[in-house]
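Asker: Heads up, here are the entries from Swiss-Prot:
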- 1-20: signal peptide (SIGNAL)
- 41-154: domain 'C-type lectin 1' (DOMAIN)
- Cys62-Cys153: disulfide bond (DISULFID)
- 162-291: region 'Disordered' (REGION)
- 198-218: compositional bias 'Basic and acidic residues' (COMPBIAS)
- 242-252: compositional bias 'Basic and acidic residues' (COMPBIAS)
- 265-283: compositional bias 'Low complexity' (COMPBIAS)
- 377-437: region 'Disordered' (REGION)
- 388-418: compositional bias 'Low complexity' (COMPBIAS)
- 450-469: region 'Disordered' (REGION)
- 455-467: compositional bias 'Basic and acidic residues' (COMPBIAS)
- 474-504: region 'Disordered' (REGION)
- 478-491: compositional bias 'Basic and acidic residues' (COMPBIAS)
- 562-687: domain 'C-type lectin 2' (DOMAIN)
- Cys653-Cys678: disulfide bond (DISULFID)
- 716-828: domain 'C-type lectin 3' (DOMAIN)
- Cys807-Cys819: disulfide bond (DISULFID)
Amino acid sequence: MYRRTTLWFLLLFQPILVFAQNRTELYECKIGTVNPLASTSLNACFKLYNTPKSFQAARRYCVSLGGQLADKINKDDSSLYSANADLEVANSTKFWVGASNLKCNIAWENGGEIEFNDMWAPESRYYGVAIDKMSIGGLWHTVPVGQKLPFVCTFQGKSNEAGPAPVHAMRAPAKKRVPKVEKPEEKDIDESLNAALSDKKEKKEVASDKKKESKKDEEDINESMNAALSDERKKSASLASSDKKESSKKDESSDEANLSASQVANAEMSASISASSANSSSDESSDEAYDSAEIEMRKKIGKTVIAMKSQEMASQSDDYDKYTEEDLLSAAASLIGGYILNAHWADSRTTNTSSFDSQTDEETLNMMMAIAEQIAMTMRSSKRRESSSSNTDSESASISESSQASEQAVMAAAMSAKSSKKSESSSKDESEDSASLNLEQKASAAASAALASKSKSDSSDQSKDQKSANVALAVVSENKHPTKKPEDPKSTKTTTEEPDIDESLNAALANQRSTTTKNSDLTTIITTVKPNALPIAIVAKQSEKDPACPAEWTQFNTNATAPALCFKRYEKPMNFEDARLFCVGKGGHLASIHNERQLLLLSALLHNNGPDALSDQTWIGLNRIHQKYYVYEDETAMDFTRWLPGAPNINDCTVFTGNELPNYPHKGTQYKFGDFPCEEVQKSVLCEVTLGKDKLKSQTTCQDGWSYYSHDGTAKNGKCYKRIDQSKKFSEAREVCKVENSYVASVQNEGEARFVSALVQTEKNYTVDEQTWIGYVKYDRDFGWEDGNKGLQFDPWTEKMPRQKKCTVFTGNEIHENCRSQFRFVSVDCNKTQRSVLCSKPPMKNGTPFVYKDTDNSSKKI
């Protein structure tokens, strides 16, 4: 019985005994005995604990002792803690303090931002703050909260005369004694108040009387002044009227004489003007016919010269490939508006050079451009008819030969007319000038006939075309040498190889962006003659938008109106000066970073999880080599920074970091600015191309309005992205992207997520039903992508957000002030309307855009 009672007693009261043995006694510290810097009740005293604990465990332990992890530490307290840690912390180099990002961004546990908040990367999750011992610098770090470290607790102080209740270290100041003043009786107050009011009333009455008297005096003065002024006006008016009558009588006779003289002069002048206008009208009529023929001739010659020069450059020049259609367009405009306009016009106007002025020059050029536009439309319609008709191979060959014959006939006629004009320009006779005019008209008519036969080649045979070409040559030869037979058209190719044509074309290509025309909508026909083939007519118009980024450059479009940004990272070790020259050689400059969007974009370019991730940093254009302040290489100001802790120091050049830097005393060094010696070699360089000034003429990767990114730098894994701001359900979002020959976007890795973050970022926070659709869908049992890609290479889901729905959105900013929901995936109902759609598609191949085709996933019903 005794044993049973003892057993029951032990079973019932053992938990109480264990609790009593393990109960932690509250730590009591007296004011000033431990912490000489104690100025507040929070940090009245502190104690370092050498037992390593995780961040949460250390926080709970301090609370159990009646204190907290060291909170709101200033620089002086930090130094004191670090110095004591050298004495009390044996087996570790750092200790926990009471700050972390468990709630959101790095902040003190009891609220308030940290003074050195730029030290930590905001995207790092589950990090606490730890401080080094003084012997190794006393620096601050962000450390994963699961790591076990010593820690420091702070407590409210207790008085030396402490009783059962704790007393704060700092007492409130005692109130000063105020001597008691006797209150006056109510009767005395009323009497004094009435007396004051009566005095005030009397003063007001006196002031109003004085004001009335002064106003009356002022009115009397004004009346007397007005009377005096009216008398003066009457006197002056009477004097003026008498003078006017006398002067009018004297001038009447002289006016009559002057009128008769002026009428005679006007009659003579009108007669002379009418005579001169009659003479000028006759001259202008002849000049108008002359100008029309000359314009037609110049157009033919310019077209032929460009065709020959294109053929010559294609066959002989090693640098021909670098010239694009825009180059030839600019060259054509320069040739028609420069060489031909000046040389041929001056040759034909030797007898009347006075009319060759800038106004005629511009009018003629505009007429030429209008004619070129009409011919371009004719050739396009002819080309459509030819493509729709089912001609045989023999007919195609016939068209090809007739086209070549027509072109050669035009060339021969033009050059014969030119040589004839040069031989006749030495004579100033009217008869020679009219003969030259007839010759040009005949040559122009022959050339027009040849071109007409070319445009109607689908209804005429080869013999007729050859005959018309021979007729054109015969007309020219008969005027020059009546007894000479026409030359073989094939031999006319080399007759126009003149140095002035070469110089003109080279000058036009060298200055390809400064055209001589003023017409912004210039359309020029450039015909390239190839053996045994139809002439290729290229109708090139000046682009109204900025050119797209060069091939394989990351292209970033923020919206439809802002210009695109073009960046590319080159894995080439070099110092800052070599990096600067390298980017200049690529047609751009070292990259500039001016806002959070660009920071996100470039962090995607530098994102690296490979073995060399710790040394992943690159040169950017920020430097102070030539001045005392920082400025970018493109001469833009430093208006946005994310410096590393302790930076900038004494170095003049800047790198942009990728992942954490090795051998750096702080954590949280991702995607920051760091000042480094300019002569130090960095592993890569980040270049930026300014649109419209790039020298790279490779084919673009994405169409206008799309942004390009490749997580590994290869076109194989590259994608073109575009955000479309239309409120749609998911099924409607599919159709929106399909119209753009794309799919609802796939975001498969951390690099793409960072890049897309910059695209979907907004100026304000939205709810979960106001986000951006992406193409991650739960089709049957598993998730997949609309474009057929499979899998995820990172964990994109938002914490404490649903994942069981079938469709997915990508968040821009925070949802309901949840900082962990920024730039993450959220599972949502497919039938809910979202704010925008993100589309993606493969990049262009050889300049050809991607064409939409259904995948196994995109064809499934949701």
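Every residue, even glycine, has its Cβ placed from backbone N, Cα and C.
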Asker: Measuring CA to CA, name the entry from the disulfide-bonded residues Cys62, Cys153, Cys807 that ends up nearest Cys653 (disulfide bond).
Answerer: Cys153
Asker: Here's one to test understanding: among the disulfide-bonded residues Cys62, Cys153, Cys678, whose C-alpha is closest in space to the C-alpha of Cys807 (disulfide bond)?
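Answerer: Sorting the disulfide-bonded residues by distance from Cys807 (disulfide bond), the top entry is Cys62.
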Asker: Just to be sure I understand the packing, how many Cβ atoms besides its own are within 10 Å of the Cβ of Cys678 (disulfide bond)?
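Answerer: By my count, 18.
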Asker: Return the residues near Cys62 (disulfide bond), defined as same-chain residues 6+ apart in sequence whose C-beta is under 8 angstroms from its C-beta, sorted by sequence, else 'none'.
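Answerer: The list for Cys62 (disulfide bond) reads Gln68, Leu69, Gly98, Phe151, Cys153, Thr154, given in order along the sequence.
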Asker: With H, G and I counted as helix, E and B as strand and the rest as coil, say where DSSP puts Cys807 (disulfide bond).
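Answerer: Strand, per DSSP.
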Asker: Quick one: give me the count of other CB atoms within 10 A of the CB of Cys153 (disulfide bond).
Answerer: 26
Asker: Determine how many residues of the domain 'C-type lectin 1' (41-154) DSSP places in helix, in strand and in coil.
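Answerer: With helix first, then strand, then coil, the domain 'C-type lectin 1' (41-154) has 30 helix, 38 strand, 46 coil.
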Asker: Count the Cβ atoms, other than its own, that fall within 10 Å of the Cβ of Cys653 (disulfide bond), considering every protein chain shown.
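Answerer: A count of 26.
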Asker: Please count the residues of the domain 'C-type lectin 2' (562-687) that DSSP assigns to helix (H, G, I), strand (E, B) and coil.
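Answerer: Computed counts for the domain 'C-type lectin 2' (562-687) are 24 helix, 33 strand, 69 coil.
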